[in-house]
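Novice: Got a structure here, written out as structure tokens. Questions coming.
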């Protein structure tokens, strides 16, 4: 087995383990950046006080695993993310080692001809990293587009449910005694709803329907620029 293949498999395996451990934190970060905090929306008459509202917010958003769908909610979109991580890490380290071996062979050959000392210069290492990173991005960008779509879809569904709850609460504050019971029943039913599951196939269909094949390479240019900038 070649050293490039060994490095590729090692990178893929390490990436998978790291992703499984840290994925709930990524989901949690996305959730935290996308939800409203207590006090951001005007309270209707008869609503809970600020302390109770803060507790409710923490219960709903900081502890999403306390209710259904449980831990599976924190791992929503994990499958394509694992595929993306394994492919990304595997491809990068495979091509990095492949190019590294090739450049070292060329330098040794040049040294035998009396050109250079046989060592690879800093610019060559940077070039190897840039090419390996570019190949990685070109091949794995579609996977990350799907991962992002699956994560943001779940959060969009959650925001829609929250907006509906807010509208009902406002209606309750303005309704008469006969309408209140009906609205409270609707609110209880709405609170029991959870974001609809959004799978990989659905994400693929949605991206293709919106932008065709080109949609799977959205954000490619900025990502390539970031590769060279990070060097």
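Every residue gets a Cβ built from N, Cα and C, even glycine.
Copying in the features that TrEMBL gives for the protein in this structure:
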{"type": "REPEAT", "residues": "2-102", "note": "repeat 'Solcar'"}
{"type": "REPEAT", "residues": "120-231", "note": "repeat 'Solcar'"}
Novice: With DSSP helix as H/G/I and strand as E/B, how many residues of the repeat 'Solcar' (120-231) fall in helix, strand and coil?
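Specialist: Going by DSSP assignments, the repeat 'Solcar' (120-231) contains 97 helix, 0 strand, 15 coil.
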Novice: Could you pull the average pLDDT for the repeat 'Solcar' (2-102)?
Specialist: 71
